Amino acid sequence: VIGHPKYQESKRIAIFLSMPDEIQTEEIITDIFKQGKECFIPRYKPHSNHMDMLKLLSAEDISSLALTSWNILQPSDDDSAREEALAGGGLDLIFMPGLGFDKKGNRLGRGKGYYDTYLERCMKHPRGKPYTIALAFREQICESVPVAENDVQVDEILYEDC
């Protein structure tokens, strides 16, 4: 990931805080700050498909985040001091999680449509849609995954030996 040309040229990067069954992102987040890039992380709104990408101030800032009922760390609902990526300069790159992927770029998420809805909003931003890279284990690559008409394909899937 760190040597990837899209990562190297990106200044504003959104990345998920990994759950135990996902590719671990802590080292990538540390590198984002080491390289002087801006880092944004998801804040999911429960009982909806709305997600914002809020600015993380440092890798250490993660320890100040609240744990949701889904066991995901994210800025609390009353945290209004953080920049939302689309309210500012948009994003260059989004690293995306998922349960399964196919080689056509289709992604199976957890069923709420958070990333698809967020990417729709990105397309309306003056900067347009950021480049999207899914981070996966080889075992998550399938022949095909079910898709709906509002699902947005990822630009690239990175996994071991890809």
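Each residue, glycine too, has its Cβ placed from N, Cα and C.
Taken from TrEMBL, the feature substrate binding site applies to L17, E22. Cβ environment of L17 (substrate binding site): T25, I29, I41, P42, I62, L65, I72, L73, Q74 lie under 8 Å away, each six or more residues apart in the same chain.
For R107, L108, G109, R110, G111, K112, G113, Y114, Y115, the entry in TrEMBL reads ATP binding site. Close to R107 (ATP binding site) in the fold, though at least 6 residues off in sequence, lie M96, G98, G100, F101, Y115, A134, V145, D151, Q153, V154, each with a CB less than 8 Å from its CB.
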Cα-Cα separation of G113 (ATP binding site) and E22 (substrate binding site), in Å? 18
Around G111 (ATP binding site), which residues of its chain at least 6 apart sit with Cβ under 8 Å of its Cβ? none
Cβ-Cβ distance under 8 Å to G109 (ATP binding site), same chain, at least six residues away: P97, G98, L99, Y115, D116
Ranked by how many other Cβ atoms lie within 10 Å of their Cβ, the binding-site residues E22, G113, Y115 are led by Y115
